[in-house]
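According to TrEMBL, the protein carries these features:
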COMPBIAS  1-13  compositional bias 'Basic and acidic residues'
COMPBIAS  79-96  compositional bias 'Low complexity'
COMPBIAS  125-148  compositional bias 'Polar residues'
COMPBIAS  149-163  compositional bias 'Low complexity'
COMPBIAS  164-182  compositional bias 'Pro residues'
DOMAIN    275-543  domain 'EML-like first beta-propeller'
DOMAIN    560-826  domain 'EML-like second beta-propeller'
REPEAT    553-585  repeat 'WD'
REPEAT    682-723  repeat 'WD'
REPEAT    794-829  repeat 'WD'
Amino acid sequence: MEGNQDRESRSSRASDSPGDTMNDVYAAWHEMLEGEGAGLAARVGELEVRCARQAEELLCLRSTLADALRRLNALEGRPPSAAPAAPAAPAAPAAPRNGSYAGSTGTPSRELRIRQPAYRETAKRTSSYGSSASSLPQRRGPQHQSTGSLQSDSPASSSSLSPAPSPSPRATPAPLHTPHPPQAYSTHTCQYNEEDGSMRMFLRGRPVVLYGSSDQDALDPAKVAPPPQNKLKLEWVYGYRGKDCRSNLYLLPTGEIVYFVAAVVVLFNVEERCQRHYTGHTDDVKCIAVHPNKLIIASGQCAGHDRLDARPHVRVWNSVSLATLAVLGATQLERAAACVAFSRADGGALLACVDDAPDHALSVWDWQRPDKGHCLAETKCSVDTVVAVEFHPLDRNQIVTCGKNHIAFWTLDSTNMLYKRMGVFEGRDKPKYVTCLGFNHNGDVVSGDSSGNISVWARGTNSVAKLLRGVHEGPVFSVAVLKEGHVLTAGGKDGRIVMFDPEMNPTGLENTIEGHYGGVRVVAEGRGSQIFIGTTKNCILHGDLELGFSPAVLGHVDELWGLAAHPTLPQFATAGWDRLLQLWDGLSHSTVWSKDIDERAQCCAWSRDGGVLAVGCLSGAWLVFEPASRQLLARHHDGAEPIQTIQYSPDNSLVALGSRDNFIYVYRVEDDGARYTRLGKCLGHSSYITHLDWSEDSQYIRSNSGDYELLFWNATTCRQVTSASSLRDVVWASNHCPITFTTIGVWPENADGTDINSCTKSHDSRLAATGDDFGKVKLFAYPVTQPKSLCHQYGGHSSHVTCVRFLADDARLVSAGGLDTAVMQWLLD
C-alpha cells in the first residue's frame, strides 16, 4: 500500500516537472528581457544626451563662425551677412544693421572690475519701485510738426537707431493722450525785430522776448537751418531692467549675454567688454526669448504713444546681423507682450505670446511665414496675471503658462485649436502665484511659487508628482535646468540660489547674493560652472556657487534725473530717486564707485576743477562729496521743496541752486569746496526753477522757470537785472537753459514749454543737444537761432530724457532716462 503511494507520488512529481521547468525558463527569459530593456533604455538615454550635447556643440560652432564672419566684415567695412547665422530662418531681404556695435575704446581697469563688489559694501539699497507687476508709467505723446522742416528727413539724419527695413506696426489712435490743440501762436510763429535784434517766440501761446548779441546778423524766421554734420552713434547702455520683468537674461554661444533696458536689447560680451544693441523697438521692451538655434531672438514691447509706431508687438531678429526677420502682433496685441517663447520640439517653428491685456490672450504664431508671421491660434488665457509661457521641450504643440492662482497646460491640435487643462493643487498647497517654470531632462515641469515651494508636474499630467515645501523664504523667481540635469532655484526675497540633483534632491550646494544687489530675478547658465544672475535692483552678477558673484552690470532702480559730466576727465556722475550716487568711467564703461547717500536725489554738479561733487535732493537738502574718498564734506538745507538744479560758477567761487520753491540760492565756496556761506536768494520767478547758467566772468546768472520765464540776476547781490537787453553781449559758460536766444530752434512746433527737459552745448560751442518728454535725444548745430532748425534725433529711451551732457572732450554725449532708469552713452561720428 505504502509502496503504491510512493510510486504515485513519484509519478505525480515526474508529470509536473516539465511544466515547472518551462515556467522557470520563462521567468528567466523575462528577467533577462527586463534587464536588457533597462540597459537598452539607459543606453538610449545616454545617446540622447550625447546627441543633445553634440547638437549644442554644432550650434556653438555655427554661432562662432557667424560671429567671426561678422567681425571680419566689420573690420573690412562690409555689411554683415545673416546667412550663416540663421540657417533655420527664412531668407530675409537685405537689410542694414538694426543696431550698433561698440567696443571699449579704453582698456578697462582690471582693478576696478575686481574691486566692484567692495563699492557697494555700504550701499544698502532701500528704495525700489512701488509694484513689480506694473509697467513703467508712460510718457506723454509727441508733438508732430505741421511740416517736415523741424526734423532732418535726409539719409544723413538716420542714426544707428533707425528701425529695421521690415514692416513696422502701424498705429491706431494712441490711447491716453491727444496732442496739444492748435494755438493762435505756435512755437514757430516767431517775430524778429531788426531794430533791437530781438526775437519774440510763443510757448503755449505765451510770448517770450529773447535778445541776440549786438553783432547778430539779421534773421529770417522763415529760413530753415541745416542739421549738423556730426551724428550720434549709440556706444554703451548702462543699466538692466530686472525690477519688474522676468526671464530677461540669456547667454548666447558667442559669449554675449542678452538682456534689455528701456527700448534697447543689449548684447554684452562681459569678457571682451563690448556691447552691441538691437534698437528696432519704439517703447519699453518687456520680454525676450531665444530660439533653439541660439541665434534668433524674439523681443516684445509695450504700447507707446508715438502715433507712427504705437502698437505693442513682437520683433524676431538675428542676433549676429541684428536684422529684423519678422514683426508680429501689431494688430492683435492690446497692451504689451508680457511673455514670449519659441517652440522647442519642432526646432523653433512656432512662437507663443501672451498679451498683458485684461483677458491675457495667448496667441501662437508661425513666425517664419513669408508674410512676416501668421497667427495660427488665439484664445483667452486667464483673467488673472500671466507671468510666463513655455513650450514643452520634448512634446510637440504642448504649452505651459503660469501666473496668479494658476498653472495651465495647453495643447495645440492639428486644427490649430488650443485646449487647456488647469493644474490641480492640493487644497492647502495652492499658491497665490505660480511665478516661474522650467523643464527637467525627463520632460517634467518644475515650477516655483510665491510661497517658496517647488512643484514637479509629471510629464503629460496636470497634477503634482513631488512637492518641496519652503525651499525659499518668499517667492521663487527663477528655475534653471543646467545641461547636466541639475536644477537651480532662486529666491526673490532671500537672495539664495539652491542647487538640486536631477531627481530634485538637495545637493547641499547654495549661495546667497549680497542684499544691496536686491533679490534674484532670473538665473542663466553660463560657460562651465559660471552662472549669470539678474537681480530685482537692476544689477547683473556673474560667478559660481562656490566662489560667489561679482557685478557685471550695475544700474539705478528708481527715477533718474541727476547727471553731471566731469570737467576734465571722461567720467560722469548720476544720482536718482533710489538714493544712489554713482560715478562712471566713459572709456572703460564701468562703475568707478556707487554710494547710498540716504537722500532721494534730483540733480548733481561738479565743481569747475572737479574737486567736489554736489547733489541736490527732493527734501530740499543738498550734499557735497569728495569724489576720491566719497566722504561727505558739507550738508545744507534750503526750503522744503526739491533742489532742481545746481551749478558752480566758472571761477569756482560761487554755487547757485535752483529750487522748486521758485527761489535761487547763492552760496560762496570756501576751502576748495568744503565750506559754504550763503550770500542770499534770488526772488522774482513766479514758478519753479528748471535750469541755470553762469556767465563766463561769474558775475551773472540766467534762469528758466516752469512758466517759461527767462530772468537774469546779479550773482553777488542776488538782485534781478530787469533789462534783458543790457546783458545781450554777456558770454555764457553753458547753455543749460533751453529758453534762450541761442536755443530758439530746439523747440518743436506747438511745443509745451516743459517738453524739453534738458539742453546743453558742447565745450567748443559747435553742437547743442536736447532731451525731451518723448524719449528723444536731438543733436543741433549751435547756435540754434533759427526757429526752424533741422536736427538728428535718436530713440532708445522709453521714458522722458531727463538730462543730456557732453563729456569733457566733446567726443561723447551721455543721456539719462527718467522712469526707464537707463544711462546711454553716444559717440559723435
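For all residues, glycine too, the Cβ spot is worked out from N, Cα and C.
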Give residue numbers and ranges for long-range contacts of the repeat 'WD' (553-585): same chain, 6 or more residues beyond its ends, CB-CB under 8 A.
106, 109, 112, 116, 120, 123, 125-129, 238-240, 243, 259, 261, 268, 518, 537-540, 591-610, 613, 615-616, 618, 625, 627, 802-809, 812, 814-819, 821-823
Please indicate, using numbers and ranges, the residues of the same chain that are 6 or more beyond the repeat 'WD' (682-723) and have a C-beta under 8 Å from a C-beta there.
203-204, 206, 208, 210, 641, 644-651, 653-654, 656, 658-666, 730-740, 753-754, 759
What DSSP reports for the repeat 'WD' (794-829) is 0 helix, 19 strand, 17 coil
Please average pLDDT over the repeat 'WD' (794-829) for the predicted structure.
96
The repeat 'WD' (682-723) resolves under DSSP into 0 helix, 21 strand, 21 coil
For the repeat 'WD' (553-585), the DSSP residue counts stand at 0 helix, 19 strand, 14 coil
